[in-house]
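**Q** Please find one structure pasted underneath; my questions will follow.
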Amino acid sequence: MRCPYCGGSETQVKDSRPSEDGAAIRRRRVCPDCAGRFTTFERVQLREVVVLKRSGKRVPFDRDKLQRSIDVALRKRAVDPERIERLVSGITRQLESAGEPEVTSEAIGELVMAGLKGLDDVAYVRFASVYKNFREARDFEELLGTLSDGMPVPAAAPEAEGDPEPEASGRRRAGRP
């Protein structure tokens, strides 16, 4: 395996163990040329899956692209990396074992949305807004309505006239009745 730091062609495996979900082998490698250390993952590929894009173009399925799109949706969210890896591995395994040589990009998007919905609501909304090409605030409102089991999201209740604002600490500030 080529070193990602110096490009050296010979690297040595220092440690090898199965990943937590058992779907991959994690290998720690070191480059004898530059002493750089890096991690690789070895996975079984059941079959070549071809993605049929909306434009009609056919491209090979790219697990790394799937990982990146999920990472973007989960950016700055407190989700355990192992859970993210399980989601990506599960979607990949599902696509490879489906028996279909081609899968639409829409089908992959639906699998990602279903996985993110169970993982993190904010990431689900982020991904859906790009995947479904939201154009208006109403698009978000409709999606948020589905998060609460199809029940519409309640609007904030208007304040009654003459009611004082609630105090955060329970104390009134000086000079107020």
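Just so you know, the numbers here start at 1 and follow the chain as drawn.
Heads up, the Cβ atoms here are built off N, Cα and C, so glycines get one too.
Taken from Swiss-Prot, the feature zinc finger covers 3-34. Swiss-Prot lists 49-139 with the feature domain 'ATP-cone', giving sequence analysis as the kind of evidence. Annotation source Swiss-Prot lists region 'Disordered' at 148-177.
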**Q** What residues in the same chain, six or more past the boundaries of the zinc finger (3-34), come closer than 8 Å to it by Cβ-Cβ distance?
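**A** Cβ under 8 Å, 6 or more out: 40-44, 82, 85-86, 89, 93.
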**Q** Take the zinc finger (3-34) and count its residues per DSSP category (helix H/G/I, strand E/B, coil), listing them in that order.
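**A** Summed over the zinc finger (3-34), the classes give 0 helix, 14 strand, 18 coil.
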